[in-house]
Every structure is written in C-alpha cells, then in structure tokens.
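The annotation region 'Disordered' is assigned in TrEMBL to 1-62. Positions annotated as transmembrane segment by TrEMBL: 118-138, 159-177, 183-206, 263-281, 321-339, 351-369, 440-468, 488-506.
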Amino acid sequence: MKQPTSPITLPPQPDPAVQETSFEPDSSPMLSPHLNDEESAPNYGSVPRASPTSTPPPAPARALAPDLLRGLLMAFMALDHTSLMLRSWPHATAIDGENDSAPVHEWNRPAAYVIRTLTHLCAPGFTFLLGMGVVYFGRSRTSRPPDKRWTTGQLAWHFFVRALVLTAISTIMGLAVSGGKVWFLNMVLFSLAVDYLLAGLTWMAVAKTERLLAFALLKVLPLRKKDDVTEPLLPGPQPRLHGEEEMAPDVEIIRAADISWHIHNVFLAIGAAVTIWWNIWLSPTGGRCGVDPTPRLPGSDWIKIWFYPIMDERVKSGFPPLAWMSFAVLGLLYGRIILARAWSSKAITLGNALASLGFTLVFVFARIFHVGNLSEGCLSMAEHQQGGDQYLASVKSFFYLTKYPPDVAFWAFTMAGNHLLLALFGALPPLFASKVFHVLLVYGTSALFFYIVHILMLGALSLPVIALIGREVSDPFTKQPVRGVDQLWGFFFSWGMLLAILYPLCRWYGGFKKAKGPDSIWRFF
C-alpha cells in the first residue's frame, strides 16, 4: 500500500510580515472542523473554517493575550532591575535566599518580598512564550505556498542564527556592564537563545515523526465499520480501494493523525516533567540544607554552565539553559494544542484557567508533601524556631521559592501565574484590551528591543536619581555600605519614569520593524 496523501491544500497564510513574535492563528482545514459562536469577532486563537472551494479567508487578527502577557512581564522585569540599579534592597525574597540549599535567616522587607514574587513570573513566562512562538513561526513558514515554503534547512538555520544573535548580544552587554571584567554574563538571554534553538529543533523533529507515525498507523489500524458510513470531515475519495493504489478514506487519515498527535503531546508532557525534575536530581544536596554536597556534574564550567548557576570571577551565569528548558517544552505543547483546531476564546480562557488550577495543585502538593523543593530544612526565621512544617509556618514561608536553579515548586507556581494571566487577558474583548492595555502591547511586541534599551536607560537614570535622593544602604551583593535609593516613592517614581521613556521608543521601533521584510534580522528585536 502506498503512502496516502491528503487531497487537502492549506489556505494561504497570514501576512508574511508577521514574525515569530506574533501569535497569529494558524490552522489547516483538516484541523478546523467548525466555527464557534463568536466567529464574527477577532478571537484569540480562533480561525474560520476553510473550504477547498471557497475563497481563502482574510488574514486573522493578531492574538492579543500572549502579547499582553509578554508586555506585562517586561514591565515586571523592569521593576526587578530597577531595584538592582538603585540598590534598593537584596535581590531575593529572603536575605541570601533563592539558591539551591541556601540557608536563610531573614526575610526581605515586605514590599521587596511582594515585588520579587511578582517578578518570578518573568523568566518562566518569557521561555514559555518562546516555545509557543516556535510553533506559530514554524507552522507559518511550512504552510506557505510551495514556492515560498521554508525547507528544513532554512528553519534550522533560522533557529541557529537567532540563538547566535541572542548569545552575541548577551556577551556584549555583559562586557559593557562589567567594564570588561566579566567575559561571559548570562542574565537570561543566553538561556533564551539555547532554549529557542532546542525548542526549534524539537518542533522540527516532532513534526517529522508525527507524520511518519501517522502513516505507520494507517497500515495497522483496523478499519472501523462505521468508517464506511460516516460522512468524512473533508472532501476526498470515499470508497476503500484495493490494490497498489489503495487510499484510505479521510476518516482513517484523520484518525491516524489524531492518534499520532496525542502520542507526541504525551511525550512532550513527559519531556517537560523530566527537564524540570533533573534540577532536583542534579542538586549536590538533593535540595536539603545540612547535607554534605555530592557533586553530580563534572567540575568544568564548560559542562556546568548548561545545568547549574555559575558565579566565577570571569563567568557569571544565573540562568543555565537546560535548567529552564522545561518552560520552553511546555510552550511547544501549548502552541500545538492552540493550533490543533479552531478553539473559541471562551474555550482557551477556560483551558488556561484549568491549567492554572492544575499547576496550583502541583505547587500545593510540593509544599505539603515536601516533594520537588530545593529548600528543604533551609528556613530558619523566627517563626521556624517552634519546629513543625517549615512551609506552613507562615505565608512567606509557603511562597518562598528557589529560582537558581528553578525547582518544581517554582515551576508550578510561576506557570500557574502565567496561565492565570493568559486566562484573564484572553477573557477581555479584543477591542477593549487593545485600547486599555495598548502600552503593554507596545512593550510586548518589541520585547528584545525593550530589554536592551531598558538596561542602558537604567544605567543612565540611576546615577542622577541616586545622587539626588540616595542615602547610605547595604549593597545587595557585596553587603558593603554604598549609596542607593531604598525609599518606595523614589523606587516607584524611577520605575514609572523608565516605562514612560521606553513607551515612545518601543512604539517607534515597532513601526520601524514592520517596515522591514518578513525575514529581516531586525525582526529578532
């Protein structure tokens, strides 16, 4: 039996100017069985049904929820970095905390604790959206008309070049910020670069093996009796032919493809679990204080940098790429589910809410049953002197998170928060959201540009602010007396001024970027 080929041709894709930072709905007719009851509105993630005999539908509206989420996370990130530049307070919810098996004896000030907890959503959210963007980008490029469709080599080259660009920017910024003292500074861009490359290659592998498995299943799946009498979802040859030119009915093709799709999603879910759990497995102490460390990785920085934070004199890397890979895999899985059919905005909102609830339950389980934490026996504040469960001693104890590297509790808490925000943004009417949260859309659609410029702006703004209203504080890292701004009004004023300056700059860059070709390197920013 020859491999059957689907008689369906994909409709033209949206405007080719839309790039990987866009989450435009993208679906083939085979995966869009019917319209929802809100088909007249530009729903996030919802696309109209395509008919082989009808005029291709117009390019769908850009999905708002992911861009709104990214824009909010950019603002949160600026909040975190403002505290660093102004030396406002220690960079953690607990003094000397947030590291694997780090004993902590003092909480940060209340405002700092709340702000730092909010900013924990940033790195996981960026990496998750990165994985989701890979799916949208890959589908948009491989579903183009044959003469414009990207080959496997072109896709792989794109993922490699983007990773190289991000790594180069990270290295240059590190040299500039440290005055050449730090040869390699990974504040997050190197992690995003590697995870983008790995997520892209994973998506390509999944797309290939999913098709191969579907064809293999066609040879072994029994023909169901109802297949002969069930009206096919799509036009195509109806009778089951015999001989060398035999072609399976459409219902069999769809059934095989559906099974293959589910199997690959299960493997992605397992991959997401494994790539966060290995942070627990690789911990020298198993995440427990008071335990003699047993190195589980070779001592070479060339190996450790992929899995574990490094803070040497010349190499400082707080975000090892493979320690954060799970968030990108979750993004791949989420993107595949979103593009699988024409979901209504209500369905996507409900799905995000349920995902948030599921991750919340995982977080609570980790706390109550002491599974998946890298801070076991590490809390030694006043409320812990009475003994008992350290995480149930106080609200701050329950929500204390280990970020370097992220443990399962951190993973579950931050993904619960990001899915909740996606649900909230997705529930808003598109017109209302685009007007009320326009500033977030501007930030969210120029994310890398925002990142680079905000670091430079903070360096320039912090000097006069500290000179005008600063006073003696303790340096967040060296603990030496320095001049800084620890007044809340001065801190929030500086943060607001930074965002106000960035808005017109990001808006200008957004217009500049749109004027470039769809494959321009400027689209990376």
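From the backbone N, Cα and C atoms, a Cβ is placed for every residue, glycine too.
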Intrachain residues whose Cβ lies under 8 Å of the transmembrane segment (118-138), provided they are six or more past its termini: 19-24, 26, 66, 69-70, 73, 76-77, 79-80, 155, 159, 188, 191-192, 195-196, 199-200, 203-204, 207, 319, 324, 327-336, 338-339, 401, 403, 406, 410-411, 413-415, 417-418, 421, 447
The transmembrane segment (159-177) in contact with the transmembrane segment (321-339), cutoff 8 A, at least 3 CB pairs, sep 6+: no
Two-stretch contact, the transmembrane segment (321-339) and the transmembrane segment (183-206), at least three Cβ pairs under 8 Å: yes
